[in-house]
Amino acid sequence: MLSQKLTDEINDQIMYEFYSAHLYLAAAAYCYDQDLDGFANFFTVQAEEERFHAMRFFNFVNDMDARIVVKGYETPPAAYADLVDLFAKTLEHEHFVTDRIYKLMDIATEEREHATISFLKWFVDEQVEEMATFKGLLTKLKRAAGDTSVIYDLDGELAARTFTPPTIV
Ligand SMILES: [Fe+2]
Ligand SMILES: [Fe+2]
């Protein structure tokens, strides 16, 4: 049985994950506008991942026989100074999401809600990977220092990214 506090926080998390998808779609739109289709593909795939996260929380609330609440969210930023700015801000957003997952884990631990603790572990690991991906690209972009040949090589690499729904064990 989920407490009202945990139910409310997980319902908020559904909204944050959908907001993340929206933020990354807006980032994809920014990249298309800059003729960086590979980067746009990277963010479009990232948005799919975020919708997958949102639906995992959505289904979990239902599986726990609690009431799902679907909430609205704000319009994401549409413009960035450059790619370094874009990745600095999206990395910052991933840090925010990690803090949110930790907050959920803290409440579940406090309440000794073992099913939720077990469910959240996947997200703790997922955030490590997410932050490493964004941090890695930010580092590469900073090193490139605006060198267009490096940026276009990276754009080519990112064009190959596809979404495969993760196998949950
Ligand atoms: Fe996520
Ligand atoms: Fe994420």
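Heads up, the Cβ atoms here are built off N, Cα and C, so glycines get one too.
Straight from TrEMBL, the features:
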DOMAIN    1-145  domain 'Ferritin-like diiron'
BINDING   Glu17, Glu50, His53, Glu94, Gln127  Fe cation binding site
Setting Glu17, Glu50, His53, Glu94, Gln127 aside, what same-chain residues sit with their Cβ within 8 Å of the center of the Cβ atoms that define the Fe cation site, listed in sequence order?
-> Tyr16, Ser20, Glu49, Val97, Phe123, Glu126, Glu130
The domain 'Ferritin-like diiron' (1-145) resolves under DSSP into 116 helix, 0 strand, 29 coil
Annotated binding-site residues Glu17, Glu50, His53, Gln127, filtered by Cβ under 6 Å to ligand 1 = Glu17, Glu50, His53
Local Cβ density at Glu50 (Fe cation binding site) - other Cβ atoms counted within 10 Å = 22
If you count the other CB atoms within 10 A of the CB of Gln127 (Fe cation binding site), including all protein chains displayed, you should get 19
Counting across all protein chains, other CB atoms within 10 angstroms of the CB of His53 (Fe cation binding site) number 25
Binding-site residues considered: Glu17, Glu94; fewest surrounding Cβ atoms within 10 Å belongs to Glu94
